[in-house]
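Engineer: Take this structure first; my questions come after.
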Amino acid sequence: MPSPMISTDVCQDILGKQKEAVDFFFQAFQPKEAMQLAEKILGHSGWVFFSGVGKSGCVARKLVATLQSLSERALFFSPVDLLHGDLGLVSPGDIVCLFSKSGETQELLDTVPHLKSRRAILVAITSMPYSNLAALSDLVVILPSVAELDPFNLIPTNSTTCQMIFGDFLAMLLFHSRGVSLSTYGKNHPSGQVGMKANGKVKDFMFPKTEVPFCHLGDKVSFSLEVFSAYGCGCVCIVDPQFRLMGIFTDGDLRRSLASYGGEVLSLSLEKVMTANPRCITEDSDIAIALQLMESSSPVAVLPVLDNEENRHVTGLLHMHTLAKAGLL
């Protein structure tokens, strides 16, 4: 029996419907209630609970995981488990956010009287403003109602995408309001590529001083080409006798110099064609800061590394290829 074929027309139709749903979400979403929810969380020292059933529950779990990585006191609860003992976690004033597209999810509605008896603050996150869940809640965040991707409008697809967008929006509101630092996030997320990027220091990834190509101000461009070839870094660092950084001469500088001076460039001193005061970074700086410097509006492939801003002694060289091999790009 032949395998079914994937139709290009079907692919384009699905992608078009996804784009249409996301575009509609951004056009129709009103952030006022989401901002109110963020303010409630910021003013609350207790727990913030999230729940949902089915795919909405998966979205709630993901949001909780993001918030926990930002040091928020967030927990997910199953509505069934809540009624089998987990209510003991809920204290007066705690915030409980319930995800339900329809606002009629019976498992969530069953928890409402018990949560109210604990004097919790109920927040409905729904697409149906006149639903029972919305009517019973203290705050209602309305997500624009979007059609699902299947022809029956039943399979949670576009609706959960919009829930995810809302969840990330809420998390980033809290992130910016709290002023979460790179150090804090790194301590919460020490493993994997994210942990490496958040916690790594420049000195962990740089070429050491012994592997840095050096030249001096009076050296000729012709000599620098020999150094280029010997080290293969695509640049030379120009230093004074104490190895203080004076400038950098890259393969890009060489191309520009050839365009300006032609063959005469080989007899010029590096001082005439180098980039003075190049972008650089100290060895104890966060690798994430170095990446920002390298990937700015005019990207560079290398950064000279200094001991500190005051002495400006070159102690290493940071190369984009090293960061790419480490999976940081």
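Every residue, even glycine, has its Cβ placed from backbone N, Cα and C.
Among the features that Swiss-Prot reports, domain 'SIS' is placed at 37-180, with the record citing sequence analysis. Positions annotated as ATP binding site by Swiss-Prot: Gly52, Val53, Gly54, Lys55, Ser56, Gly57. Here Swiss-Prot flags 206-265 as domain 'CBS 1', drawing on sequence analysis. Marked as domain 'CBS 2' by Swiss-Prot on the basis of sequence analysis: 274-329.
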Engineer: Per DSSP, what is the residue count of the domain 'SIS' (37-180) in each of helix, strand and coil?
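Structural biologist: In the domain 'SIS' (37-180), the DSSP-based counts are 67 helix, 23 strand, 54 coil.
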Engineer: Taking the Cβ of each of the binding-site residues and counting other Cβ atoms inside 10 Å, which one has the highest number: Gly52, Gly54, Gly57?
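Structural biologist: When each Cβ's neighbours within 10 Å are tallied, Gly52 tops the list.
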Engineer: Pull the DSSP breakdown for the domain 'CBS 2' (274-329) and write it out as helix, strand, coil residue counts.
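Structural biologist: Taking each residue of the domain 'CBS 2' (274-329) in turn, the totals are 14 helix, 17 strand, 25 coil.
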Engineer: For the domain 'CBS 2' (274-329), what's the model's average pLDDT?
Structural biologist: 91
Engineer: Which residues, sitting 6 or more apart from Val53 (ATP binding site) on the same chain, put a CB under 8 Å from its CB?
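Structural biologist: Listed in sequence order: Pro79, Ser100, Thr105, Glu107, Leu108.
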Engineer: Would you mind listing, in sequence order, the residues at least six apart from Ser56 (ATP binding site) in the same chain with a Cβ closer than 8 Å to its Cβ?
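Structural biologist: The answer is Phe99, Ser100, Lys101, Thr105, Pro156, Thr160, Gln163.
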Engineer: List the other residues in this chain whose Cβ sits within 8 Å of the Cβ centroid of the ATP site residues Gly52, Val53, Gly54, Lys55, Ser56, Gly57, in sequence order.
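Structural biologist: So the extra residues in range turn out to be Cys58, Val59, Ala60, Phe99, Ser100, Thr105, Pro156.
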